[in-house]
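Enquirer: In case it's useful when we look at the structure, here is the feature table from Swiss-Prot:
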type	residues	note
BINDING	Asn172, Glu238	Mn(2+) binding site
BINDING	Ile175, Tyr176, Arg177, Arg189, Trp190, Leu191, Arg194, Gly195	prenylated FMN binding site
ACT_SITE	Asp287	active site, proton donor
Amino acid sequence: MKYNDLRDFLTLLEQQGELKRITLPVDPHLEITEIADRTLRAGGPALLFENPKGYSMPVLCNLFGTPKRVAMGMGQEDVSALREVGKLLAFLKEPEPPKGFRDLFDKLPQFKQVLNMPTKRLRGAPCQQKIVSGDDVDLNRIPIMTCWPEDAAPLITWGLTVTRGPHKERQNLGIYRQQLIGKNKLIMRWLSHRGGALDYQEWCAAHPGERFPVSVALGADPATILGAVTPVPDTLSEYAFAGLLRGTKTEVVKCISNDLEVPASAEIVLEGYIDPDEMAPEGPYGDHTGYYNEVDSFPVFTVTHITQREDAIYHSTYTGRPPDEPAVLGVALNEVFVPILQKQFPEIVDFYLPPEGCSYRLAVVTIKKQYAGHAKRVMMGVWSFLRQFMYTKFVIVCDDDVNARDWNDVIWAITTRMDPARDTVLVENTPIDYLDFASPVSGLGSKMGLDATNKWPGETQREWGRPIKKDPDVVAHIDAIWDELAIFNNGKSA
């Protein structure tokens, strides 16, 4: 499934009935969110609003509104194929040399994919077809959405932020929301542990008082966008990973005003800087929790240049109580996480982040239990192995006879295999998403682990219950005579 840029991808979606063009004038203030939310909840297509009220630039929304479109963006036919992406990432995280000719032959596809990792640098690029700078910069010309009635201001939601630390060769790509506060100013809301914020902190330490260069790409190709939200190894750039997904090298171009490299095919690029002395209160905004978040101070991003393609498209989304687009992304990326975790913990059978748990706040893990205390080791591993699970508040561990994705199974295991005092692990004073207002202190809270596995000697002194199993001969006999019983006149089986 090949595409070169966002426009190629939209053509592919339209051919498959996965894109709907909206010609009726619709207001970016609240109305686009309402339409996109209804469409996403119905499993509908990506939406291209061609006539947003008050603007000449179209708005793309709900691009990754189904797991299928996330998989397509990663170059795969369906969600199940994302397990292979996870296996590739697990290999890149801890590459192993071939153990012999046969192993080398088996790993050739992985080595071949690695050839697409280096970026291709262009002298000129579509994203620089039109350039404005200085006083001509006006972010109000972009149809930035206001998503919820009590939001503080219009909000950029799909901005691919490009940064580089003072002592690093590779750039960092991250998705951080940005509040519009002036014709050339945005608030950069990045949490302190995220890559862009870490680059900024290192810059301030190395160059006190100096401006920190930042660029933001809007409407990059899907592989690059998804690369920025995928748990790539720290040694691998998001551009390199995008090349692996796409099957071709990622094309980049140097910015007009700084040395950062941005996706050459991006629809819009914002170039500028962060002044360490300029902060502003951000929010409140309706967030993925389904609540408005607290107001907090973050750095101000001053835009000095806007470059864009001819007839540029503005890519946007909204966040709210699941399901929303981030929740759908979480469902799809869940398949990527599983092989990465299994590489470190082979006993893990499945790993599931229920979307109704805000995509990351609760995890269900099933394991092949091998010893007493095994479930607790897995809990600690989930919390510590990947940064993505730093904010996971609840981890439920079950045996492999439980379907991690079936709440009927999980609740049955919790209520029959757990003693609340013995099998609950509480860890206090751990990092928590600052958006989690349920924690007693902003950014610091507790975690709970639930051991819903069968208990081994040493974990209990009682004889453990034996699960009921049907007699297979009786089952086979009843299967054979079921239709004759005619219990359900419509032929329904039981």
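Just so it is clear, glycine is given a Cβ too, placed from its N, Cα and C backbone atoms.
Would you situate these features in the structure and describe their surroundings?
Expert: Around Glu238 (Mn(2+) binding site), the same-chain residues at least 6 positions away in sequence with a Cβ under 8 Å from its Cβ are Asn172, Leu173, Thr224, Gly227, Ala228, Thr230, Val232.
Counting only same-chain residues at least 6 apart in sequence, those with a Cβ under 8 Å from the Cβ of Tyr176 (prenylated FMN binding site) are Gly159, Thr161, Met188, Arg189, Trp190, Arg194, Gly196.
All protein chains included, Asp287 (active site, proton donor) registers 21 other Cβ atoms within 10 Å of its own Cβ.
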Enquirer: Mind giving me a neighbour count for Gly195 (prenylated FMN binding site)? Other Cβ atoms within 10 Å of its Cβ, every protein chain shown.
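Expert: Other Cβ atoms within 10 Å of Gly195 (prenylated FMN binding site): 21.
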Enquirer: Whose Cβ lies within 8 Å of the mean position of the Cβ atoms of Ile175, Tyr176, Arg177, Arg189, Trp190, Leu191, Arg194, Gly195, the prenylated FMN site, other than those residues?
Expert: Thr161, Gly174, Met188, Gly196, Ala197
Enquirer: Could you round the CA separation between Ile175 (prenylated FMN binding site) and Asp287 (active site, proton donor) to a whole angstrom and send it over?
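Expert: The separation of the Cα atoms works out to 14 Å.
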Enquirer: Taking Ile175, Tyr176, Arg177, Arg189, Trp190, Leu191, Arg194, Gly195 as the record's prenylated FMN-binding set, what's the max Cα pairwise distance in Å, rounded to a whole number?
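Expert: Among the residues the record ties to prenylated FMN, max Cα distance equals 14 Å.
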Enquirer: Fill in the CA-CA distance, Gly195 (prenylated FMN binding site) to Asp287 (active site, proton donor), as an integer in Å.
Expert: 21
